[in-house]
Every structure is written in C-alpha cells, then in structure tokens.
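See structure below.
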Amino acid sequence: MVERRWKGLAFFSGAVVCLFAAWLLLSHFSGRWGSPEPTTVAGPALAVREELAHRLPPSEPVAERPERVEPSEPWVVYVTGGIRSPGVYQVPPGSRVYLAVEMAGGFSAEGDREAINLAEPLADGRHLHVPRRGEVPAPQPLPSRPSPSPGVSGTEKVLVDVNRAGAADLATLPGIGPKLAQALVDDREAKGPFRTVDDLKRVRGIGDGKLESIRPFVTVGP
C-alpha cells in the first residue's frame, strides 16, 4: 500500500518537472521562432496618399506675369506768344496744340485764336508760338523727313497739305500771307476739303499766277 503511494508521488513529481522544463524551453526559444515583423508599409502608405490626393483641391496653374510696360516719357514743349503763362511744359506723347495752350494758361487778351490750328499734333522739343493779333506769323520750320537711303541722290521735298495745314503753315508758302492763309482755312471749313490743287483758285486772291508759284510746295490730302 505504502509502496503504491510512493510510486504515484514520484510519477506526479516527474510530470511536474517535465512540464516546468518544457515551459523553460518554450520561453527561451519563443523570441527566435516568432514571425518576423513586416518591413514595408507600401500598401497602407499608398492608400493614404491616394486618399489625400482626392481630398486636396487641384493645384491651380501659375499665371504668367505680364511683361511690365515702361511708361513713355512726356514730351517737352516751349510755348510763347499770345498766352497767359509762356514757358516750358510737359505734355503726354501724342498731344495736340490745344493741350499745350491750356497748360500755358490759355490765350491772353491779345492772342489770336484764329491764327493757330489747335488740332495740330505736337512733337517733343517743339517751340509753339501763338501769334498775337496783328502779328505776322514767322515762317514755321517744315517737318523733317528721313534722310534718303544710301544710293538715293537728291533731297525729298516736303509738301504742305492744304487740307490739314493751319493758317501759320499756309502763310509760309510763297505769295501767301496771313490774310490769304486764313482765307484758305475759312474756305476749307465752309466748303469742305480741296479735291485738287487747282481747287485753290476758288479762294478769292489766288489766281493762275499765284497758284503756279505754290503748286510745287503743296499737296492735297484726304
């Protein structure tokens, strides 16, 4: 009886020792036998990127900056004669005579309003003289033309357009004084532009002789 008890106790003790040894072995080798951790997250990362791409607004194209246009420098003109404040003034490019007269204070009491073409274009560096009443206008320099190209001889003649010239420019023609020049302007405004140079004879004071003397110096524009 006693012998059986000792055998059962020995068997139980051996089983406990075996279980403890097996637990130690498993604990020791569990770190080596574990499955390796994944080394890449390409799948989740790619999904996150695609989701962010759908949520973020599309990038707007960068608009090209327009080229900066430098403003044109103003013209400088010298205004004298029958005006209130003679002097040097700056006017925008493309201005006409009336603007320079306004900047100079307008016509003075003795300024002759009919002796100047207010619609005539200005030019940079021009000397604009407003005639006074009774003053004989000085001959105005005719606009310069480009020099002829190499190989072209002679000087191109500058013609006065009788449909556009003011009284001051017309008065520079041979045999045409201030009064006759003003008569040409008045006739042009009353009856319309001249169609041919011969139409100038419709103005009283211009006959065949005077017409032939000014014919080489005039032209008829539209």
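Cβ coordinates come from backbone N, Cα and C, glycine included.
TrEMBL entries are annotated by machine, without manual review.
Remember, it's a predicted structure, so these values are computed and weren't measured experimentally.
According to TrEMBL, the features are:
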type	residues	note
REGION	133-155	region 'Disordered'
COMPBIAS	138-149	compositional bias 'Pro residues'
DOMAIN	168-187	domain 'Helix-hairpin-helix DNA-binding motif class 1'
DOMAIN	198-217	domain 'Helix-hairpin-helix DNA-binding motif class 1'
Residue distribution over DSSP helix, strand and coil in the domain 'Helix-hairpin-helix DNA-binding motif class 1' (198-217): 15 helix, 0 strand, 5 coil
Per-state residue totals over the domain 'Helix-hairpin-helix DNA-binding motif class 1' (168-187) - DSSP helix, strand, coil: 13 helix, 0 strand, 7 coil
